[in-house]
Structure formats: structure tokens, C-alpha cells
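J.: Sending over a structure as C-alpha cells; questions will come in a sec.
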Amino acid sequence: MREKTLRSEVLEEFATYLELEGKSKNTIRMYTYFLSKFLEEGYSPTARDALRFLAKLRAKGYSIRSINLVVQALKAYFKFEGLNEEAERLRNPKIPKTLPKSLTEEEVKKLIEVIPKDKIRDRLIVLLLYGTGLRVSELCNLKIEDINFEKGFLTVRGGKGGKDRTIPIPQPLLTEIKNYLRRRTDDSPYLFVESRRKNKEKLSPKTVWRILKEYGRKAGIKVTPHQLRHSFATHMLERGIDIRIIQELLGHASLSTTQIYTRVTAKHLKEAVERANLLENLIGGE
């Protein structure tokens, strides 16, 4: 019983430490979850024990990306305990850089078309994710006061890394938001709320996933919130938008994170060159 109480105290203090470090609520939730599992199994705050824990998770089928997240959580915990040398000994596993999967513009259109006209909230969720490149957590945390209707901007509060950013809203999307709000009858400060709950809590990421899964099935498309974000970036790049602007819109701290989309469009560029067929009359007969 005493051990359980001590663990709770450590987790609470660790969460406070992460908050002071500027970590987002989602990061704090994940880090404390993995630390609780680490402590529950009786591991000590050493790199050696951390490796044993990671090996156990890998054997359970955890992906390299998930393992990487656990490493980040444990490194933060070691630093919290003042064990900087142990933190340094932990190495992040190499994550293979895979091309993000994005929908085609035709698939996005098909997805929107299967949403019933009376499901105004659901339609707006899809339009916002695709039309602004928001992360699902950012969408759920969006408040009505974060939207500047006069100037046509929305402000993302405390995005990844705890940074705010401003995103322009296209006029058609702004009109959709106004139409949606005119039909709202609750007084929640959040732009999106749960429709099935009496107290109208803010929308959860789980609900967004469920909504997309439902309409994706109807459209015959596998779609996730992150895929819509990828699609936003890819389609912007394909239309000639500067990659640095896309970086700002996505809220990427590093340009290298955004540059993966230049690889996504390689196929698109190849097809364009082949369609142009500039050399047909020059070497076609050889």
C-alpha cells in the first residue's frame, strides 16, 4: 500500500515537472502512463533497467515509434530525478522514415460527399482537418474565441511543443463555421462538443477517429485524422506552395520534418514530366 502511495506521489511530481518544462497535456499523459508501468514492474531508474523494460515491450509487439516514445518518457524521468548520466546512456531507436500516406483530392471529395447534410458538425470536422492541417488534439482543444471571424484567422493554443500559431481560414470554411455555430444551442466555449453527452464536454480525439472511420467506411476509404493532415500538406505542395509556408501552417519546429512531403510528391512530379513529354519529337524515333 505504501509503495502504491509513493508511486502516486512520484507520478504527480513528475507530471508537475513536465508541465513546468512546457510539455503539452497529451505528452504529460503519455509520459506518466509509461512511467507508471515502468515503476509498477519494480524497475530502478537506470539505463540497464530501462533497456530490460524496453525489450519486454518490444516482445509484446510495441512498434519502434512507440518504443521511441517510451525512451523519451524515461529520459525525462531520469532527468527529473537528477540522473543525467543515465538519461544520456539511453539511446532512441532509429525510426525508418516512411512516406506519409495521403488521400487523393478525389478521395477527400468522396469522403465529404458521404456525410449527410444534417451532420453539420461532422462535415466541419473533416473540412477543418483537411483545410487547415490541424492535429486532432489541436482540433479538439479549439475554442470559439480562438477564431477571428473579422480577419479570417484561427489561433492554435499550445500546439506541439507548447507553441501557439496562427492559421488563415479560407472564406468558404469561415462560412461553414458560422453556419455551424448558428445552429449550436449549448454555451460551451469549445468549437466542437460531444453530441451524445448531456453536459456537452469538448470533443475527444477518440470521437473524431470514430467519425472518420464511419464515413471512411461509407466512402470505401481508410482515413485517419493524421492522413487528412498529410493530405493538406501534400496537396498544398503539389499546388506550388512554398515548403516554408507549409512548415509554419503545420507547426513543425524543423523544416526537415516538413521536407518528407517533397518525397511524397516525387510520383506526382514524375507523372507531370511524362505527361508533358517534351522530348517526344526529339528522340522518339531513335
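Glycine is no exception: its Cβ is also placed from the backbone N, Cα and C atoms.
For Arg135, Lys160, His226, Arg229, His252, the entry in Swiss-Prot reads active site. Among the features that Swiss-Prot reports, active site, O-(3'-phospho-DNA)-tyrosine intermediate is placed at Tyr261. Residues or ranges marked as domain 'Core-binding (CB)' in Swiss-Prot (evidence: sequence analysis): 5-82. Annotation comment: Swiss-Prot describes 98-274 as domain 'Tyr recombinase', evidence class sequence analysis.
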J.: Out of Arg229, His252, which of these active-site residues shows the lowest number of other CB atoms within 10 Å of its CB?
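T.: Fewest other Cβ atoms within 10 Å, among the active-site residues Arg229, His252, is found for His252.
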J.: For Arg229 (active site), what is the secondary structure by DSSP, using just helix, strand and coil?
T.: helix
J.: When neighbour density is defined as the number of other C-beta atoms within 10 angstroms of a residue's C-beta, which of the active-site residues Arg135, His226 has the lowest density?
T.: His226
J.: Work out, from DSSP, the number of helix, strand and coil residues along the domain 'Core-binding (CB)' (5-82).
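T.: The counts are 62 helix, 0 strand, 16 coil.
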J.: Averaged over the domain 'Core-binding (CB)' (5-82), what pLDDT does the predicted model reach?
T.: 88
J.: Give me the Cα-Cα distance between His252 (active site) and Arg135 (active site), rounded to a whole Å.
T.: 11
J.: Tell me the Cα distance separating Arg135 (active site) from Arg229 (active site), rounded to the nearest angstrom.
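T.: Rounded to a whole number, the Cα-Cα distance is 7 Å.
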J.: To the nearest whole angstrom, what is the C-alpha distance linking Arg135 (active site) and His226 (active site)?
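T.: Taking the Cα atoms only, Arg135 (active site) lies 7 Å from His226 (active site).
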